[in-house]
Amino acid sequence: MSTETRVLVTLSLLLAVVVLANAFGVLTPDTKPEIFLQPAQTAARFSSSWLDTPNLGTSNYNAGVVPVAAMFSLLDVVGIPAWLIMRLWRFGLILAAAWGARLVMRELLGDRVGSTSASVATVAAAVAYAANPYVLVGGGTTPTMLPYALLPWLVVCWLRGFRAPSWRWAAASALVLAGMSGLNAGVVPLIQLIVIVPVVLHALYVEGRRFWSVTWLIVRTGLIYAVLSAYWLVPAIAALGVGTSIAEATESTDAINAVNSFPEVLRGLGMWTLYGGDAAGPFDPERLSYVMGPIVILLTFGGPILAGLAVRLSRSSARLFGATSILVGALVMVGTFPTDDKSSWGRLVAAALDNIPGLIAFRTTNKAGAVLELGMAVLVGLAAQAILPHLKTSTLRWTAFWSTVAIVAGSVAPALSGGMYWVRMDVPDYWNEAAGAVNARPGDSRVLMVPGTGVPGYSWGYTGPDEIGPSLFRRPFVFRSASPSGGVYSANLLAEVDRRLQQGTLPPGTVSALAAYIGAGDVVGRYDVQGTREIGARVEQQLEADPGLAPAVGYGPAEPAHGAPSPAMVRSVAGELPVTSAAARAAAGSLVVDGAGTALPSLQSAGLLEDRPGLLLGGSLDDTQLSDALRDESRVVLTDSNGRREWSNHNPAVAGPLLEATVEPDSTRALFDTSDQTVAVVRGNARLETRGEGLLFGPHAFGNVTQAFDNDRTTGWQFGNFRTGVGNAVVVTPRTALPMPTIVLSPMQGGTNRITDAKVTAVVSGRSIVKDVKFTAWNSFPVSVELSGEPVSSLTIEVTGVEGEGSSPVGFAEISIPGITIDRVAALPTRLTRRLPPAAETAGVDLDEVPLDVILHRSLGDANGLSTEEPRLEREFTLPDERRFEGSGTVRLAGGVTDAEIDTFAGISGEVVAQSSSRAFGNPNARASMALDDRGGDPDESTAWVPNEPVVGEWISVDFPQRRLSSFTFSQGEGGSRGTKALVSVNDGETFEVALDAGTTRITLPEPVDATKVRLLFTERTGAGFVRVTNIGLPRIGEAGEPPSGCTQVGTIDGQPLEADVRDGFPYLLEGQAIPFKACGAGLALGEGRHRLASVPTFAIDDLRLTSTGTPPQQVQRPTYTVVRRGSSSMDLRLTSGCSPCLVSSGQAFDPRWTASVRDKDQGAPLVVDGFAAGWRVNAAPGDVIHITFGPSGTALTAWLVSGAALLACLTLLVVRPRAGGRPTTKHRRGGSRP
């Protein structure tokens, strides 16, 4: 055995030890975990052109998964555990990469192969290519590492093929390329084709090959490769829109390339995940030594330094290949860096990624790292070859040896400290038990996992973009991802159900209704995800209240469940288990929803989903389809569900405020165009414009500037989180110049930061009046600013100073300007109401006989319903004709109602008036007067004023008849949190500071005064939890009276009172709860055209349903059917009852390429049915078979056959040697040294 062989064997054994020892025995998936845990199922699933998992279905752009998963399934069959499959795979890839780099080096050295220096060069190249930071970071996943490992072999095939051009070498090259697979739509193999540049340059300028000969071999390789890859290429092209939408909804190009500097990519780094982090910590904590370890950072420059030495010291012609590979690879990897001041190259790359369809998939330009690293390996080998002759003493040789060891160790330092693998997936036993129970159920109904998530991060270690469901469940799996990865209708349907489930505002029965429409047989609650606080308890409470779900079975301990009984809670859907997701429903009585799938919770709350009627979206129907729906006696439902708003792609519970029709959201779930959307309309006699950074890291549902002009002190314009408040400004431009002698600014409370200074600039007759404003510690009280009595044409309010620590925003609760009125309202869609009259005429039905509902919902934000997301229900809706409606809904006391107004509503009268800046969660029972009430003549210690967090800056004010006052008592709860310091004023005089003790503190005034008002503002607090002020020793409030009699006004419609009898729910209103109501009177007569629902200060309507019954549809029996055949891309349903007509749903996300036929008759283009699915209006007789197919599936199957035939042809071409006497080849020069 030669020395070189012994070295290679030793290094291979060392590699095996490192690969196996890191996280020994734990699965560390470097791609989709189901490829390792369920390889056979994954191979079968991804072989289809349509994926039914995990997002209600989508066209498949990732058929390249199949060969890898199929290979793993062979290892799985013989009993090799998943974690060991992964280790064997990684070991094989790195070994193949090293061996390929060694061969490339041998090809480039040519005639010098066999010498000691050449052996050193080839071994050094192998080590440099296999042991560098890129292999651990950028190449740490199978979709990148597999092409990385095979790239040198492609170069070898081409170099040899250029010397003896033939179809055999073209086939060999194409097989290597195809071996890189089409994982993630083949992005990495395709981007690595930039290696053509150094290969061709070497062939032309070093080996003297002919250009056309070289080009023809590459072209032949490409042709064969395209045929071999047809199995994944054809589906990927068919799913181009899906891949593009995923790329656009995830990280931006600038964010990905923000760290791709030349020094970083030369070190083999620059992958954005290494440098990023979130609230949970760094994204890649195991590799932080690359960016935070000074010694490791220095050592990782060893490779680039050696490469530079090779260019300087070596005379080998192989330098051209190495240097060109580094140059081309680095240019591509750098991409758009620097993002804030792009170079000409960066601007060119950015323009290409933004404007060429499909090219956004290549935005992670770091994936070209294999080309750079191969060039680096070649130059490192040349450097070793050039340095070797100078190592003439043992001291120099040992120095070189240990320097090499240090550089290699530094390059792979995380692997030597146990951090080789980013993702660890040691699935707890309770998940396997839960999966076993679910998988034991028959049929192919879906498994619905709740709640949704952004990037799943489990408390037991696994964090990654792929949910664990496909790794566990045999049946189709669905969950809601914050970042949409499927059809727009599916994302829309799941988004609102999941958001309200996470907020705790989902109506009972909604989850089981969703399950019925998507064909789910089991609902799995998943609660062992990091950072979800008490969401387990909140979601479980709602699931338990769902009458359509069976009792839960829990798996696992309660500790990681965030308030739920167990981290995995499994419920079956009550009733008959669906066999598949496809379904048929009677067309009669369907709902034509003017809105989107996001209406599902409101439809459930209104009682419209009890019989699971068909759901049609008005915006998706053409005129003929709309007429057919009216002819089928459908019910029209006008909703505000299709809101034009921005949605977070990271936090599933967050969506932004409603946007105006002219504002384009960056990421939205709204469907159709603006005439089919609910949009914000801002009216008034002035225009508002904001400047500055606003609220960072949005979207945020609260804090719109109009909330500073709504006369509600609990809402406000918010901005400047993370101490970015300075520079934010609002410009108020009256439509006609108005006198503004005095404006009033009320700063926003509720955070650890506050505004200290502002500048007010008024433009009067072409000149500017500037006033500087100071805000004191009493910053929750309004500050008046005197301007000019002359007409003001423009007013700018700019924040010039803030103080405080922390990340909370600042803002203004109210900006009061004389004569300025701003009205913000949500306007419902208008297009469907315009289309209804002609559609009814075409259908031959009387429009006034068509049942019609108006269903409106206020975005509550949280379970108490008093968040500032949407404080009141303000709506505009348009009716197609004159109608009489019955009104019903739910209502609660508004969050912005003052403490004194609540006292008045509660029947408390008297001369004592108590007010406060806030009450915890807006709860009426936490208002100021609860610190001034009596029980039997003694202070009632069971009640309290409870201010909102952060307590500091919150105040209470008590007005009372004049009395001599020298001191008073102030009592707080003795346990938990309490205020420790406060400012006190009497009669709005000069303030003085007091210290507050636990329990009761006597506050002594500086001198006795005749007092009529006392105010106290907290300036310091201690302890965790809420501060409770149980009693203040000042005059008491009066006794509570009787609830309001008769009907109480809860809103207005077109300025007319909307009244309801709230007496039965009166106690619940005072506890902050919502109560159901029915509108008083004989109904609401509303004419054709636009109508306005407005709020009143005391109440906030949560939901409002206006019902015009029309003529009810005939009772039609739901069609019955059996499933003849089922699959992800095709299914057959045989009707066992009549279906004239019915709505047939594929149960798969809408895609216009779905087809259906009955008795060989095509049913035409699909409709959007059930809010998300491709479906058809079908007339069929008992016994008829409805054949449903995804159109491209036939082409995809053909592509599989073509690729298979091409594979056999290529293997035959390689195995069968050409006959002797063929065309002789010319002997060509091989690369060597130049003088």
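Backbone N, Cα and C define each Cβ position, glycine as well.
Among the ranges 78-97, 318-337, the stretch that TrEMBL annotates as transmembrane segment is 318-337. With a cut-off of 8 Å on Cβ pairs spaced 6 or more residues apart, the transmembrane segment (291-311) and the transmembrane segment (368-388) reach 3 or more such pairs and are scored as touching. Only pairs six or more apart in sequence are counted, and the transmembrane segment (189-206) with the transmembrane segment (400-423) gives fewer than three Cβ pairs under 8 Å, not enough to call it a contact. With Cβ pairs under 8 Å as the measure, the transmembrane segment (213-234) is packed most heavily against 1197-1216, out of 318-337, 400-423, 1197-1216. Across the range of the domain 'F5/8 type C' (915-1026), the DSSP-based residue counts are 10 helix, 61 strand, 41 coil.
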